[in-house]
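Per Swiss-Prot, the features are:
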DOMAIN    9-284  domain 'CN hydrolase'
ACT_SITE  49  active site, proton acceptor
ACT_SITE  129  active site
ACT_SITE  164  active site, nucleophile
């Protein structure tokens, strides 16, 4: 049953620094931010990519760091854990929907994951990034089929989430849009200004490049986009040992923002080095204004000519042959 869409939703987008490589302390900070957002009337609060226990910034400076990697595994979050229960309890106590980015530990293998937690403290979905980006593959594994479980029904309407460069995956974006989200959380690590034509890094990985992706997603999907980024301080740079690296080598990285379904900016920015929470009151009826012009899953589409096929089976390590044949099917949207 579809939840009636409220006419206005107050959202909170964090721009904060995790307690690097410290599971317990970052979970405590998460709950404090949830409570702070609730005290300002927020009905939904979003967190960055790998917020717990912080994005592994060192991977862009050196591919192997056994000490930090070991600590990272030990401080990554398990879904069935007292720490996740603590976060769910905070969501319930504060009556807030939480969209959480975290490094997920499954038997000491790690995945870039997101969870959407209801305002009653129930985990509505968990999903994994479909493919770790470039140097992230030195730390994280690929997704399971649950990477497609990206949109759920909530008390404020349909809420979805993707992580980082998933926002340049056309098929994944289309599949997410097809689930009819009204609010989309785009989770990112710290992001920095592009250095200009002499900068060897990619513009698409910069602050302005990723904001362009957020605005594009809002326009394509006719949804509100909560562009959620983290901050790294000088202390964080020292802990990650990234001062000589190409990115995340200086304090900053914050560029959190909120965009309307036509791509317009709805929030006021914080400074890149500033921790805080940005808020916006979303006028949900604005979605109808954009849908009247363009609906890429409706009147502005041609599924008779172009459509998306989705593999629906989950490849487990141990599976009976008959079960394999039964589940190996393709769903067409």
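Just so it is clear, glycine is given a Cβ too, placed from its N, Cα and C backbone atoms.
It is 10 Å from the Cα atom of the residue listed as 'active site' to that of residue 49 (active site, proton acceptor). Mapped onto three states, the DSSP output places residue 164 (active site, nucleophile) in helix. The local packing around the residue listed as 'active site, proton acceptor', expressed as other Cβ atoms within 10 Å of its Cβ over all shown chains, amounts to 27.
Calculated from their C-alpha atoms, the gap between the residue listed as 'active site, nucleophile' and the residue listed as 'active site, proton acceptor' amounts to 7 Å. Of all the active-site residues given, namely 129, 164, the one with the smallest number of surrounding CB atoms inside 10 A is 164.
Looking only at the domain 'CN hydrolase' (9-284), the predicted model's pLDDT averages out at 97.
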